[in-house]
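A short worksheet on the structure shown next.
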Amino acid sequence: MAGLKRHHDGKVAGLYDLDKTLGRGHFAVVKLARHVFTGEKVAVKVIDKTKLDPVARAHLFQEVRCMKMVQHPNVVRLYEVIDTATKLYLILELGDGGDMYDCIMKHEGGLTEEVAKCYFAQIVHAISYCHRLHVVHRDLKPENVVFFEKLGVVKLTDFGFSNRFQPGKTLNTSCGSLAYSAPEILLGDEYDAPAVAAGHGACCPVVHILVN
């Protein structure tokens, strides 16, 4: 992680001006921000480290570790990590089309099959790339798929539940969003990470939402 950097209200390390809130979670808030010198817009995930228990800290470490490893056209890029005494700032690539739910709301009847197939293929490419690096996302859902309309692509984001895995060995951590979890995870069973991530527990609900 980056070394300790000074920060103050409304600005991160003197480099990014924080703007409106884009999203909010248990321990983090995602802000729109602009680079002071270049004017580039980014998304900044602000994590309050004072609210993290040991398990949450471990998840945070894994998130940063995995995002640094995964460099793919269909994965949101992590530009920089800024670490302070009480906050951790993840400087992320900013999508211009909202998440998958935002897109679906604009198309009441769902996307056409051809468009949905194109987007779904990109999601599968991202997941496959992660698995080749022995990284599993473990929280694939519409909110974690971001649209980049100008580029015509979708990108996977939020690696908060991600982890490394060893081929042939199972995981047993129950995590992710219940509505999109595989039966193995809901039952608390050990599971083969890449098989569960690519199967009916994750990918199928996403493609169903795209076309309905």
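We number each residue from 1, going along the chain as drawn.
Any Cβ shown, glycine's included, is placed from N, Cα and C.
Features as listed in TrEMBL:
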- 16-212: domain 'Protein kinase' (DOMAIN)
- Lys45: ATP binding site (BINDING)
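Mean predicted confidence for the domain 'Protein kinase' (16-212): the pLDDT average there is 84. The Cβ of Lys45 (ATP binding site) has 22 other Cβ atoms within 10 Å, all protein chains considered.
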